[in-house]
C-alpha cells in the first residue's frame, strides 16, 4: 500500500513511501484526540491527519530498575576498574578530575542522553532507526553491528581468563604465590616474605609467570605469524561464558533484565569489601597519595584533555548501539533525561572509587617491596588485573577468599557489557528483518553466539593475547569514535536539532534547554573529532616484550576500515538507487536524500502505541 502525504517538505516532488504493515484499523483525526503529550504536534484543524495505530507487540522491561541496572551494567565494565585509575595518575592525579568532569559534562553525558532519547522515541535498533532519522546514514547502523561483533571476539576471552583464575583460586595456597610450579622458570623471583632478594631486569614474579606461562602459555607463540594452538582450558571457559550469555539473552529483556540484578549489583558489593580490606593494609595511604596528588602543570598538556575525552567516551559507551537497544524497550513517557543523569553519575563515581580499591593495594605492595609506588604501578592494561592485583591478594590474610570474590567481580563486570553489546546486534537485526526473524529470536541468538564463539578461537591460542590487543586497538578504538561522530552530526545537523528537541518534548513534556542543544550541535561533535585526531597519532603497538610488526598494523587498519566502510558504501548505494539520473546527483539531490527520504514520522503515544503521522513537519 502506498501513501502519499498531503504535505511533504521536498520542493521538487512528492515521494510515496510504502506504509509499514499495520495490525489495527485506520482512524481519522488529530494526534491530540489520542492523548498526545505534546499539543505542538497538532496539525492544522482544516487538514485532518490520518492516524494509524499499531498494535504494540514489542517487548518491554518488566521493571524500571531492570533497565537502569542493564544500562549501569553495560557502562560499568572492566575498563572502569583498571583503566581510569592509571589514566588519572598518569595525567595529573587529582588535577585530572577537572578535564574529566568537563569532558563528561560537555561531551559524554550529552551523547549518552541523545542515544537514550533516540532509542526510546523511535523504539527500534541501530539499523532501522535511520529510516526515521536520515536514511542515507543507515550504514552507521551496519558499522555499529560489525564493531560490536569484533568486541565480542576478544572481550569474552578476557572474561574467560578471569574464569580460569576463578577456578584456580579454589586452593589453600594460590598457585601464583610461589615459584615451585612446573611452569616457573629460573627467572621467577619471589620477594614476599623473603629477605635479601635481588630483583633484576630479567626477574619475573610468580604472578606474572602464572599469567603468561600457565594461563596464556604465550611463550609457545613467536608472535602473530605463529600464534600456536588453541588452549583447550580457555576454550572450555569461553564455552561456559557463552552458555551463560545465551540463556540470559535468548528470551529478550524479560530474562536479561532479571540476570542483571545479580551481575550489575554484585560488583559493587565486592568493590566495597575490597575497599575496606585495602584501606586496612600497611602502606595503603601511599597508594592513595600517589593516586590523587595533583600535578597542576599537566593541565597545560593537550594529551591530558584528549585522554579525558577518550576515557569518558569509552566509559559511558555512546555510539555502540547498546543505549539505543536498551532504551527502545522503555515506555514512551519514561524520563530518559533523569536516567541519563543518574546512570552517568553512577558510572563516573564507580570509576573514581575503583581507583582507591586499586591504589590502596598498590601502596601495600610498594611497602612490602620497599620500593616507590610508581615502580609497582607500571602497567595500565589487563596486566594490572591479572598480575599486579592477584599478586597482592596472594600475600594477604584470607587470600583465597579475596581472590575468589575479586574474580567473581571481574566475571560479572564483563558479562554485563557482553549482554549489552550482543543485545545491540540482536535488537538491530530483528527490528530490520522482523518478518523473517521476529518469531525466531532463540535461533537467531544461538546462531549469533556460535559465530562469536568461532570468531574468538584465534584469541584462545598461545598467542591469543596478541590478537586481543590488535582487535582492541583497531577493531574498536578509532572506528567507534568516528561512527559516534557521524551519528551526532546526522542527528543534530541533518535530522535537525529542532526536530529532535520536539521529539524529546513529546516524551517528557518539556523541550531540552539551550545547554543540551548547543552541546548536541557543536560541542559534542567537536569532542569526538578531538578523540579521532588523537587516535591517528597513536604510539607503536607493543605487548609484553613483543613489538607488533608493520604488516600487522596494516591488518589492523583493514579491520578498522571493514566496519566503517559500510557508511560510504550505503551512501553510494542510496544515491545510485534513488530515482533520477546519476548526472543529476548534485547538492540538491543529496539534500533531498537527507531531508525528503524520511518516511512519515512514527510517534508513539503516551500508552506506547505507534501513531503514524502523514503531515507532521
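Yeah, the Cβs are placed from backbone N, Cα and C, and that goes for glycine too.
Note: TrEMBL annotation is automatic and uncurated.
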*Which one of these stretches, 419-437, 495-513, 514-532, shows up in TrEMBL as transmembrane segment?*
514-532
*asked:* Check the transmembrane segment (261-285) against the transmembrane segment (514-532) for contact, please; criterion is three or more CB pairs under 8 Å, pairs 6 or more apart in sequence.
replied: no
_Tertiary contacts of the transmembrane segment (67-85) (same chain, 6+ residues out, Cβ under 8 Å)_ = 61, 116, 158, 253, 256-257, 260-261, 263-265, 267, 291, 311, 314-317, 322-323, 326-327, 329-330, 334, 339, 342-344, 346-347, 350-352, 354-355, 357-359, 380-382, 384-385, 409-410, 413-414, 416-417, 419-421
*Once the chains shown are all counted, how many other Cβ atoms turn up within 10 Å of the Cβ of residue 76 (Na(+) binding site)?*
28
*Measure from the Cβ of residue 188 (disulfide bond) and count the other Cβ atoms within 10 Å, all protein chains considered.*
19
*Do me a favour and check the Cα-Cα span between residue 179 (disulfide bond) and residue 76 (Na(+) binding site); whole Å is fine.*
35
*Na(+) site shell beyond 73, 75, 76, 80, 315, 347, 413, 416, 417, criterion: Cβ within 8 Å of Cβ centroid*: 72, 74, 77, 79, 317, 350
